[in-house]
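Residues annotated as NAD(+) binding site in TrEMBL: GLY49, GLY50, GLY51, LEU52, MET53, GLY54, ASP72, GLU137, LYS142, SER164, ASN188, LYS320. Per TrEMBL, CoA binding site is recorded for SER88, LYS95, SER164. Annotated domain '3-hydroxyacyl-CoA dehydrogenase NAD binding' per TrEMBL: 44-229, in sequence order. Residues annotated as domain '3-hydroxyacyl-CoA dehydrogenase C-terminal' in TrEMBL: 231-328. Under the heading site 'Important for catalytic activity', TrEMBL lists HIS185.
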Amino acid sequence: MSILQRVTLSSASKNIFKVYGSRLVNSTAKYCTTNDGKEKNISNVTVIGGGLMGAGIVQVAAQNDFDVVIVDKEDEYLQKCMVMVRKSIDRITKKKFPDEPKLASKFVNDTLNRIKTEKEPSVGVANADLVIEAITENLDAKWKLFEVIDKAAPKHCIFTSNTSSLPIFEISKVTSRPDKFGGLHFFNPVPLMKLVEVVKAENTSQETFDTLFQFSKDLGKIPVACKDTPGFIVNRLLVPYMMEAIRFVERGHANARDIDTAMKLGAGYPMGPFELADYVGLDTIKFIVDGWHKNNPDNPLFNPSEMLNRCVEMGKFGKKNGEGFYKYTN
Ligand SMILES: NC(=O)c1ccc[n+]([C@@H]2O[C@H](COP(=O)([O-])OP(=O)(O)OC[C@H]3O[C@@H](n4cnc5c(N)ncnc54)[C@H](O)[C@@H]3O)[C@@H](O)[C@H]2O)c1
């Protein structure tokens, strides 16, 4: 997490993003345009998929005065999502209003009152100005969902995906509105991580892109502009870095612990690449690299690794299940 913050917030990287941003971002950002040509502020946001990312996005949107519908497949998942949201809001409230119990309880109640739950995607998007899809990372599942909601959502509604590894244009192809389709890539944990990568795919209109950029600011985030390139900015740089560290060990040029020590003490990173890989999840990294390799077989940066594949085959997924490159006690 800290590496990501460093990458995104150092003054050098801010300057780089300004250069790219000046090409992609139009300073006169507008909100969505309805069928009759009127401009409308985004006020109703539907988040589909109430897992780790969805719960965070719901919370941040509700906290910032948006009316939010959260859609998930089962009541059980919706309840779990609301438990995550509640816990996280309580944590934030304690910090925000340590000595003001009345304001604290108003903040919690106002935020929760802005959230509705729904099982049926077509019902959940019926009044949406913006949909943020955060379901499982699977193209077929995303296609099926977007086909359904494309028929049910208002024509002015903008669609986005929080995908980490799939091309936005590819996902948008099943809809009748690729011009109103973009990427909003949040970072985990969403309530704490300031960055949002706003992705302009081949057919995303400038108006849609500007709206998404402004929406991210309205959530209190720092948006950066990026085209629809594998991994967007952060993962595109971090995943090949972690893969090269793994290949380094495969070649027998150093061991994992020494590489981690070297990058922490020599490059000033708070985590080494193997610690970071365990934190992200080795299964997740394998999934991302395999997808990129399939689509770009000639790019050596995306080559699979035997050692990573073996770890995943053996069920070593990283910190989340107790063992990856390192062992964890909790
Ligand atoms: N986990 C991360 O660190 C991270 C970071 C950035 C982006 N992402 C992306 O965000 C998305 C979600 O990731 P996550 O980690 O929150 O996953 P998750 O597994 O925690 O949650 C996914 C949720 O989607 C629900 N779901 C699946 N299919 C559905 C459908 N058809 N309709 C409604 N709900 C459905 C599941 O029940 C589950 O609750 C993925 O595309 C992932 O690549 C993840």
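Every residue gets a Cβ built from N, Cα and C, even glycine.
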Other CB atoms within 10 A, centred on LYS95 (CoA binding site):
7
Where the criterion is a Cβ under 6 Å from an atom of ligand 1, which of the binding-site residues SER88, LYS95, LYS142 meet it?
none
Output, ordered by sequence, the same-chain residues six or more apart from SER88 (CoA binding site) with a CB under 8 Å from its CB, or 'none'.
ALA55, GLY56, GLN59, PRO189, PRO191
If you count the other Cβ atoms within 10 Å of each Cβ, which of the binding-site residues GLY49, GLY51 comes out on top?
GLY49
Taking only the Cα atoms, work out how far LYS95 (CoA binding site) lies from GLY49 (NAD(+) binding site), in Å, as a whole number.
28
Should LYS95 (CoA binding site) be counted as helix, strand, or coil on the basis of DSSP?
helix
Looking only at the domain '3-hydroxyacyl-CoA dehydrogenase C-terminal' (231-328), what are its DSSP counts of helix, strand and coil residues?
65 helix, 3 strand, 30 coil
Among the NAD(+)-binding set GLY49, GLY50, GLY51, LEU52, MET53, GLY54, ASP72, GLU137, LYS142, SER164, ASN188, LYS320, as the record gives it, the longest Cα-Cα distance in Å:
25
Over the domain '3-hydroxyacyl-CoA dehydrogenase C-terminal' (231-328), what does the predicted model average in pLDDT?
96
Near MET53 (NAD(+) binding site), which residues of its own chain have a C-beta under 8 A away, given they sit six or more steps off in sequence?
ALA134, ASN162, PHE186, ASN188, VAL190
Helix, strand or coil: which one is SER88 (CoA binding site) in, per DSSP?
helix
Write out the long-range same-chain contacts of HIS185 (site 'Important for catalytic activity'), meaning residues 6 or more apart in sequence whose Cβ is under 8 Å from its Cβ.
ASN162, THR163, SER164, VAL196, GLU197, VAL198, VAL199, PHE232
How far apart, in Å, are the two Cα atoms that lie farthest from each other among SER88, LYS95, SER164, the residues recorded as binding CoA?
30
Could you say whether, by DSSP, HIS185 (site 'Important for catalytic activity') belongs to a helix, a strand or a coil region?
strand
Counting other Cβ atoms within 10 Å of each residue's Cβ, which of the binding-site residues ASP72, SER164, ASN188 comes out lowest?
ASN188
